[in-house]
Amino acid sequence: MPSLASARYGKDNVRVYKVHRNQETGVQTVTEMTVCCLLEGEIETSYTQADNSVVVATDSIKNTIYIKAKEHPVDPPELYASHLGQHFLDKYPHISKANINVIVHRWTRMEIDGKPHPHSFYRDGEEKRAVELVAARDGITIKSGIDGLTVLKSTGSAFHSFVRDEYTSLGETWDRILSTDVNANWTWKKFPTVAAVVEGVERFNAAWESARKITMKTFAEDESASVQNTMYKMSEQILEAVPESEVIGYSLPNKHYFEIDLSWHKGYKNTGKDAEVYAPQSGPNGLIKCEVKRS
């Protein structure tokens, strides 16, 4: 006989925009998010017996996402996600777990004539701030992160002394272009309650800012022997900067830029130290991942 091994359901791709208006200064702050909320619990009969009495409608979940954004701050997103997840546990006794994913889309305040504009913004990249949260009866688990931060440096990266055998065609290099789309995350020690999240809530923005700065500074300054070694250096620095984090994760696709041999045209030198014109590649690409935890 078949049995239901696992189940979760909810609402995905809920787009939320919130504006905070400072009445004293006239300055406005905006936050745009995409939210996913999936519930787990005693819901198996809705699958196995067509029993909808255990189903909180996904439209109700969508409405709740909006209402909790009205009732609570959305910055930092970890705090908003905590209030949202805890609501479903408090409201519905048969729900045991709420899985909340929040993606914050980047809006940067304009500077006009050298001054920050009070209510105008621009999109300066596809970088996103990400939160994965699980609210359960035994506490709240939060993973924060950076997604889609595109970086490139035109020198300061090497890759050599790797395995060479009959399958190898890649040449060794002591100077190459290094580019990637950073996906970094840090998992926090479990919080017992929403109150524990609220207490010291400034930790979340501070950690995001530190992780972002560490990622870019290390990327720029490290004489990279490999993507693997550079991401490890980033991870150990974030563990030190964010003492409440337990695990740091990185996923870095190696976005290749290949030299073009132009010697066939008038003897142009465009390889090695003479390389100036490159061909950006869309794929295939290397993909390097790691997780670094405390000893």
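A Cβ is built for glycine as well, from the same backbone N, Cα and C atoms used for every other residue.
Residues or ranges marked as active site, charge relay system in TrEMBL: Lys11, Thr58, His256. The feature urate binding site is assigned by TrEMBL to Thr58, Asp59, Phe159, Arg176, Val227, Gln228, Asn254. Feature annotation from TrEMBL assigns 5-hydroxyisourate binding site to Phe159, Arg176, Val227, Asn254. Positions annotated as O2 binding site by TrEMBL: Asn254.
On a Cα basis, Phe159 (urate binding site) lies 13 Å away from His256 (active site, charge relay system). Asn254 (urate binding site) sits 33 Å from Lys11 (active site, charge relay system), counting Cα to Cα.
Listed in sequence order, the residues of the same chain lying 6 or more apart from Phe159 (urate binding site) and placing their CB within less than 8 Å of its CB are Glu172, Thr173, Arg176, Ala225, Ser226. Cβ proximity to the 5-hydroxyisourate site centre (mean Cβ of Phe159, Arg176, Val227, Asn254, cutoff 8 Å) flags the following additional same-chain residues: Ser157, Ala158, Leu178, Ser224, Ser226, Gly286.
Cβ neighbour count for Asp59 (urate binding site): 9 (other Cβ atoms within 10 Å of its Cβ, all protein chains included). Pairwise Cα distances among Phe159, Arg176, Val227, Asn254, which the record gives as the binders of 5-hydroxyisourate, peak at 12 Å. Here the Cα atom of Thr58 (urate binding site) is found 5 Å from that of Lys11 (active site, charge relay system). Site extent for urate: among the recorded binding residues Thr58, Asp59, Phe159, Arg176, Val227, Gln228, Asn254, the largest C-alpha separation is 51 Å.
Val227 (urate binding site) sits 37 Å from Lys11 (active site, charge relay system), taking the CA atoms of both as reference points. Across the structure, Lys11 (active site, charge relay system) and Gln228 (urate binding site) place their CA atoms 36 angstrom apart.
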